[in-house]
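Take a look at the structure set out below.
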Amino acid sequence: MATTDIHIHSDVHHHGDHDHEHEHHEGNFWTTYIFSQDHKVIAKQFLITGIFWALIGGVLSVIFRLQLGFPESNISWLKPLLGGWITADGKLDPQFYLALVTMHGTIMVFFVLTAGLSGTFSNFLIPLQIGARDMASGFLNMLSYWFFFISSVLMFISLFISTGPASGGWTVYPPLSALEQAISGSGLGMTLWLVAMAFFIASSLLGSINYISTVINMRTRGMSFTKLPLTIWAFFFTAIIGVLSFPVLFAAALLLIFDRSFGTSFFLSDIYINGEPLAHEGGSPILFQHLFWFLGHPEVYIVLLPALGISSEIIATNSRKPIFGYKAMIGSMLFIAILSFIVWAHHMFVTGMNPFLGSIFMLLTLIIAVPSAVKIFNYVTTLWKGNIRFTPAMLFSIGLVSFFLTGGITGIFLGNSAIDIQLHDTYFVVAHFHLVMGSASFFGMLAGIYHWFPKMFGRMMNEGLGQLHFWLTFIGVYLVFFPMHYIGIAGFPRRYYSWTNFDTFSGFTDLNMLVSSAAIATLAAQFIFLFNFFYSMFRGRLAPINPWNATTLEWTTPRNPGHGNWPGEIPAVYRWPYDYSKPGAKEDFIPQTVPYSETPESNLPHETKLIKLESSNGDNAIIVEGSH
Amino acid sequence: MSLIIGLGAILVLGVLYMIFRVTNLVAIAKGVKDDKVGPNNSLHGVLFIIFMVVSLVAFFWYSFAHFDGYTLPIASVHGKETDHLFWVTMAITVAAFVIISIIMFVFIYQYRYKEGRRAKFYPDNHYLELTWTVVPAIVLTVLIFTGLSTWNDITSPAKKNAEVIEIVGQQFAWTARYPGVKDNQLGKVNFKLIDNFGNEFGLDLADKNSYDDFKSLELHIPKGKEVLLKIRAKDVLHSVFLPHFRVKMDAVPGMQTQFKFVATKTTKEMRLETSNPDFNYELACTEICGQGHFSMKMPVVVDEWDDYVKWKQAQETWLKQNPKYLDKVPADLREAAMIKAGLEKDPGATVASVNE
């Protein structure tokens, strides 16, 4: 074990030195910025692409919110953008409405909150926080981004084709998604969707495998698993979930491609459409739903866990306290990760699945509330008796906890199959997942950007603008999604272009108008962020080495870490990442790189015993990766 | 006009940018920032408290003041139980939500940064963690078991004498098929027999049970008797949603699904209860099915049992409405089919009337 690690590390070290020389030669533009194998550049590529997609996803949602909130208004002014999808009397085409809903979901879940969040922060933080020169395989890492890029290009093209992009909902349930006769978006648009997702899955797998091997193999001297920051734990679990679940979506997509193009009947049976019966027999649409949600539910945690990891780190740093219950936090994440694989069918209580299966999945689903509750309580206790600094990152992390709470408890309703009968596919579900998964993860992503921007670009973002951005977005998000609970309890179904056909759903024009107005305002507030982000990248205040007085390794790198991250040797790690406000210590934080032998005034009894081990580091084989 | 708006917008953005630059420069001129926190740190603590108070007040005010606006009257037996579960869960979760929110925002305010104070080093406490693992677990166990028993009741097999009604979804309409008053059995169907000329169900005319089946574009159900909906779809997924009856079940091509329930209020009674003379029950589609998804509606009528039976007897059978399909009936069954479908008087009945 020890010898292999030494081997790998000396290799990487060598590689790092080599690239350093390249940088001195001012490298080739293409290898430095485009086809870079540096994890930091790849992280930024994911980030910029993610921001681009977030903007598109947000604009799409505002367009369909215009229809829902102001159904009478004439939106022919959108004609330059939407062309034929605006009808002659200035209304949104009902089919394009479904396309908007579908693409909004696909873009936000996969392109923004999976690639944009994990892609950015796993790439950026894993090597920096575990003390590695780069990812285990820089090449696979680069490939991961470029597969994502190809996927993005295909998905983007699909927005502009004449038959429209995929329109069967982001869950692409067949037969609707399989039959062009059923909806025109299931033609070329759906083909592009499936191919784009195939590339996306490949990208995600390449990334995840890299994250896992990097975390396992490339931790610096002294960085045992129990000294990893919670961010790394979160990314690690996320990557494992991704590796185990994404291939199942790939299988589902592949079988759907077969059904669509090669006449197989995996998901299709007994269909009479457009005046003729189809030849398909023996398939089951329910099978697709099982396969889809076998990824789909873990996907929720692929999106959420990194955000929770990021917020754990930020809340501890800005409360100037150790995260409460470090091990409980890891345990609850592990438990959530395991449970996430055995709850998928709670999305299918009323699809005709055997009701007994419903009972089992209800049981397993509600268990997930326990580790989630533990996480919330631990966050709250971390705030208790802290010394809280409201940096924009901290504000967004607090927002995340608030959304996680508000959106999480409605999961207790939906996980209960008896209650879900009425709430399934209503706006209650929309409110639930937008808060607990969408907004919470989105806030995690924003918190991460504000917190690590100084390390990414060597400059500070404007704090005042960040705080303004937070308040507008925080209040905006609540105004958008909280009223949806009422609309959902009243039974309003999702994915309706308009409700006026039903007497039962004729009310709530006022709330829908409020929701739409708030959505527009919230989107507008994001431009404050965009301005702050790009302005600060070039003209922001120069960042100090450790602007937040944090303990983790990334803050020991130079202001603009070059290829290889640390100019000299990689620092060794001696303590856990949460030594904030330790009694007796001079400062209110002790970086992970400070040995216990240097802090006799603040050491706890069991830590004093560890000093002995530290001093014998040089020639002791207990510590992996001997010093050079 | 739009030019003026555009110019105005650019002007406003320009002004905002100038303000931003000036404040930035002022901040730099004031000196290097070496404070641990920004100048407005405490403000955010206060804002969180204001946010909490305002939003909790708004939440409770709206929830009580508009209660009738967002709750639908219940018109089924199991609906009472699921709604009860819903409100029990609501009470528990709202209590937890309010308590945790208040504690969190108060901590945020109370422990905002103060010069010279040091945070408490408090990495863990096993008793606390055990408490908030076990307490939610117990509460959830209670919810799970009440939920399970309700769910098992709802999904248990229907009674033998339940009224069976078939509902068929297609883009973008619902059709009901009743088993007919003579045999009370739904005839067999096969999707390959569906055509554009009248056999929209794909009725198999070799099956005797199909002759007295009748079609309806309105769903009529009796009050006080168990109804078993047999649900299927012809083209893509649909979902039967009867909001007042708390009924929802997908319609799946190639697989029959079902849902049983007992209606408790007739349409007339509901009109009185809601004091809305135009009230009608409705069936909506809740599974995305294409561009007409939002308009896929079926009117629903709940009658007293006697009225329901009368209505059923007054309906023409499908075969009577589509007599050309008699050709498809096997020759030996044609006579029986004509009698069962009401195309020809029952000879027995004729004899009886002659005898009178």
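Glycine too: its Cβ is placed from the backbone N, Cα and C atoms.
Of the given residue ranges A:1-20, A:541-560, A:581-600, TrEMBL assigns the label region 'Disordered' to A:1-20. Remark: the transmembrane segment (A:470-493) contacts the transmembrane segment (A:393-415), by the rule of 3 or more CB pairs under 8 A. Among the listed stretches A:182-209, A:300-316, A:328-350, A:393-415, A:427-450, the one sharing the most Cβ pairs under 8 Å with the transmembrane segment (A:138-162) is A:182-209. It is A:393-415 that, among the stretches A:46-68, A:96-126, A:230-258, A:393-415, A:513-535, forms the most Cβ pairs under 8 Å with the transmembrane segment (A:427-450).
For the transmembrane segment (A:393-415), the list of distant contacts is 304, 307-308, 310-311, 314-315, 318, 343, 346, 362, 365-366, 368-369, 372, 375-376, 379-380, 423-424, 428-429, 431-437, 439-441, 443-444, 446-448, 450-451, 466-467, 470-471, 473-474, 477-478, 481-482, 485, 548: same-chain residues at least six beyond its ends, Cβ to Cβ under 8 Å. It is A:300-316 that, among the stretches A:46-68, A:96-126, A:230-258, A:300-316, forms the most Cβ pairs under 8 Å with the transmembrane segment (A:356-381). The stretches the transmembrane segment (A:230-258) and the transmembrane segment (A:96-126) are in mutual contact, each linked to the other by at least three Cβ pairs under 8 Å (pairs 6 or more apart in sequence). Packing against the transmembrane segment (A:300-316) from elsewhere in the chain are residues 109, 113-114, 117-118, 121-122, 229-235, 237-238, 241-242, 245, 322-323, 329, 333, 336-337, 340, 375, 379, 382-383, 393-394, 396-398, 400-401, 404, 433, 436-437, 440-441, 443-445, 447-448, 451, 552, 577-578, 580: each is 6 or more residues past its ends and has a CB under 8 Å from a CB in it.
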